[in-house]
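Sharing a structure below in structure tokens format, with a few things to ask.
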């Protein structure tokens with residue numbers, strides 16, 4: 001009986017069929033990255049808002065004030081009395097009623113200067129010039145509630161984390177394509193509910209669920225693409241990252257054209273329903289079917305692949321070698337039970353954590369310099385495009401391990417240099433920091449490929465999902481690490497990033513080289529790498 005890789009070679013390792021499936025599944029990267037980075041535009045800071053004095057709404061209606069008139073009567077006197085008070089989080093501790101003059105609402109307070117009038121903290125009484133522009137104005141995430149915006153992103157990352165465990169496990173037990181399609185349906189439904197959430201609690205609940213299903217779509221499509229191509233073509237795992245970057249580049253254009261956060265949310269959620277059509281064109285992974293003792297179904301799919309690739313399988317291919325490894329429901333213990341698996345798992349978990357932490361940290365660091373949000377975001381995404389091309393050029397020539405290590409080392413050096421460059425040459429600091437961003441992007445993309453190549457088929461989806469869950473943990477920690485350490489010393493986060501990347505660069509040298517090696521089918525195959 002031939003092995004799966006022998007059958008795949010005869011059917012075509014990357015023919016017309018695989019190219020079509022690859023292109024279709026790659027679109028998932030665009031929607032996932034849009035969800036991943038959407039908080040930047042869903043949570044845009046409102047241009048202008050202020051705290052409304054009790055009774056101001058009724059008085060404004062009686063007097064025929066415009067919003068600008070109301071703001072002038074509310075905020076301007078407050079600012080004249082105390083220049084440090086903006087009127088956004090505090091207001092004059094007064095109440096306007098029908099006896100108040102429309103032309104001089106503060107006249108009743110006689111000769112008191114506005115500076116001597118008491119102040120009160122604002123609670124749920126804000127007015128926004130553009131009330132539907134972001135979730136900040138929708139749910140009053142300002143002043144004392146500003147931390148809730150960070151919470152919304154942390155909840156999304158928690159959803160990614162849950163998806164990595166729950167749906168990673170489910171994909172190894174119930175199949176890649178089934179979990180992919182269910183995840184696409186979940187992302188679409190939850191995305192619609194998020195857009196029309198009546199309150200912030202409902203928003204958070206379904207943002208968590210959207211994150212969970214979103215992680216299911218991304219990880220499952222990635223593994224599925226990797227499993228249907230030959231060992232010499234697994235670089236498609238890097239190419240698929242380009243579509244993730246395309247999503248980052250497209251997102252500011254969507255946000256620029258759509259003025260409301262609900263519109264943006266729907267624009268990045270609804271396309272997931274189109275992926276349900278893949279039910280008729282994307283098959284189950286034949287590798288996975290073999291591990292579940294479904295050799296006949298796997299062979300039927302392989303014959304279909306050969307037909308679409310213009311090839312024909314030999315008649316003696318009546319069945320394919322099935323792994324003798326006992327199939328069981330995967331668990332974390334399976335990933336650390338044997339020496340090589342344990343070493344690979346621990347190093348990959350650290351690599352995922354480091355890549356995500358530094359990547360998001362550098363993105364946010366570039367974002368705090370101000371400027372045009374749409375243009376800055378577009379440029380920061382475009383910087384990532386060369387990463388995939390650099391990997392494609394080098395990875396099949398020199399292997400996986402060296403680019404993986406060098407990208408982390410270069411990121412480490414770039415962060416360290418940036419930290420000690422003088423402030424009077426900002427262009428140079430930005431350039432070196434961008435080099436660090438490019439390098440850590442390369443590391444981020446290589447870890448996807450290496451992770452899928454270092455686990456056997458029976459544990460691949462679960463292993464990739466579990467290790468990549470450390471990416472989500474890094475994403476949760478990154479904003480707190482960046483802003484808290486920056487409050488002590490602005491460049492301190494870069495020092496931490498440099499240390500983390502240097503350690504990662506050394507550790508990944510301990511991983512086995514997987515260039516040109518067939519995907520391992522069993523734990524024993526991994527131990528022999």
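The backbone N, Cα and C atoms fix where each Cβ goes, glycine too.
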May I ask you to indicate which of 106-129, 202-225, 298-321 is given in TrEMBL as transmembrane segment?
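Here TrEMBL associates transmembrane segment with the stretch 202-225.
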Take the C-beta pairs under 8 A between the transmembrane segment (374-395) and each of 264-282, 347-368, 427-450. Which stretch has the highest count?
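Stretch with maximum Cβ contacts: 427-450.
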Can you find at least 3 Cβ pairs under 8 Å between the transmembrane segment (427-450) and the transmembrane segment (488-511), where each pair is 6 or more residues apart in sequence?
yes
What stretch in 21-42, 402-421, 488-511 has the biggest tally of Cβ pairs under 8 Å against the transmembrane segment (177-196)?
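The stretch with the most close Cβ contacts to the transmembrane segment (177-196) is 21-42.
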Where among 21-42, 151-170, 488-511 do we find the most Cβ pairs under 8 Å to the transmembrane segment (237-258)?
21-42
Find the member of 21-42, 151-170, 264-282, 462-482 that has more C-beta pairs under 8 Å to the transmembrane segment (488-511) than any other listed stretch.
462-482
